[in-house]
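> This is the structure I want to talk about, given as structure tokens.
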Amino acid sequence: MSDKHRVPRTKELEFGGTVGAVVLLFLMPATVFYLLVTCITEQASVLSIPGPLPALGTLWNPNTVLLLLAWIFFQAVLYLLPLGKVTKGTALQNQTRLQYRIHAFQAFVITVMLVGAALVCGLRLSYIHDHFLQLAVSASAISLVFSVLLYVKSFYAEESALAPGGNSGNLVYDFFIGHELNPRLGTFDLKYFCELRPGLIGWALINLAMLVKETELRGSPSLAMMLVNAFQLLYVVDALWNEEAILTTMDIVHDGFGFMLVFGDLAWVPFTYSLQAYFLVNHPHELGALSAIGIIVLNTMGYAIFRGANSQKNCFRRNPTDPRVAGLQTIPTATGKHLLVSGWWGFVRHPNYLGDLIMALAWSLPCGVTHILPYFYVIYFTVLLVHREARDEHQCLRKYGLAWQEYCSRVPYRIFPYIY
């Protein structure tokens, strides 16, 4: 193999290197467990140790393992259907471009139809709420086993297929970050499948299950629960509808498929992003009409910024001469590409992150302000996006050099205007 097609050894280790990887391997599942156990306590206080803890024997349930495997298999079958268009991803180290079938939204529609039919036939969706902790433990176990299999598979991959950020030679670090960039079984792309399908659609299904459970307990869903479901369903549908956009994200282009993304996709997303809905079942909150209107306005503003910024960027990438973006100011780079320096991307450097965080706050507010637990998502997401922004800045500076420095001087604020 030509040296130019070899992925060089990863020298800059992220997340605190090996020590950080070891800590996160235990901290991520422990955080999910802690949040869910705390949520069902009377006080729901993150500042006190929940007790008594569930007996270890009650956490493992073969039925929930089989249920999750069946869900993943069902989504995999939908992934294989010859629907939608086929597009190419970004160029890899060896200059090849993988093909991807774009039909996550169609998979979601089929899922909705089948779940709806099952509900009509008597499916008890509240089973998800009643076995939520067991499902989370099962998802964690599946993620661990899947990660081990992926790591073993990576040793049989061509060197050009390894991840730029997960080729350090350190077993623990590469296992956590992901050694292989785009592991595939034939044409079935495992990372691309997990990014949007089982976890993201599962998140929406879990929220619906919490709404059903609340209806069983109190006769009707609360306004707070309906807002959380509506806001987060919009976010999920938006991601599925704009599926092609993830092909240029750091998750797909740079990060390998290891424990970090596997656990994030299959366990962290569905079981922590649905925390507000789970909280409302156990700690109902009466939301007034004026408060609801204010929260709706806030979420609408966040979504407008998020979608406007992403659409502007994606439109410019596809066709810089498109009338919607042709009049925007740009900075030429040595790579031949141009950086947007007006419109949303002249407001702050990461306007999509700003919109994301505004929406995150709107998702938590329906739970009231007496507990910090339902605000875990917005706190965690702020930390995540600030860290991701730092990674983006580092990558862009290395890629665009002086052009990126000029962009930073013309757009000084990273995420929050006049603050950061």
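Note that Cβ sites are derived from N, Cα and C of the backbone, with glycine treated the same way.
TrEMBL labels come from automatic prediction, so no person has curated them.
Sequence annotations record features per position, and here TrEMBL assigns transmembrane segment to 21-44, 64-83, 104-125, 131-152, 257-275, 287-306, 357-386.
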> Same chain only, please: residues at least 6 beyond the ends of the transmembrane segment (104-125) with a C-beta under 8 Å from a C-beta of the stretch. Say none if there are none.
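Contacts of the transmembrane segment (104-125) (Cβ under 8 Å, skipping residues fewer than 6 from its ends): 74-75, 78-79, 81, 83-84, 196-197, 201, 204-205, 208-209, 212-213, 236-237, 239-241, 243.
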> So which residues does the transmembrane segment (21-44) touch in its own chain, when a touch means Cβ under 8 Å and the partner is 6 or more beyond its ends?
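Here the qualifying positions are 15, 50-51, 53-54, 132-133, 136-137, 140, 172-173, 175-177, 259-260, 263-264, 267-268, 271-272, 275, 278-279, 282-283, 371, 373, 376.
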> Based on Cβ pairs under 8 Å, which of the stretches 131-152, 257-275, 357-386 lies most in contact with the transmembrane segment (287-306)?
357-386
> By a Cβ-Cβ criterion of under 8 Å, what residues six or more beyond either terminus of the transmembrane segment (257-275) are in contact with it?
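Same-chain contacts beyond the ends: 24-25, 28-29, 31-32, 35-36, 39, 72, 132, 135-136, 139-140, 142-144, 146-147, 150-151, 163, 166, 174-183, 190-191, 194-195, 198-200, 202-203, 206-207, 210, 232, 251, 373-374, 376-377, 380.
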> Given a Cβ distance threshold of under 8 angstroms, which distant residues of the chain, six or more beyond its ends, lie next to the transmembrane segment (357-386)?
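Those are 35, 38-39, 44-47, 223-225, 227-228, 231-232, 235, 272-273, 275-276, 279-280, 283, 285, 287, 291-292, 295-296, 298-299, 301-303, 305-306, 350, 415, 420, in sequence order.
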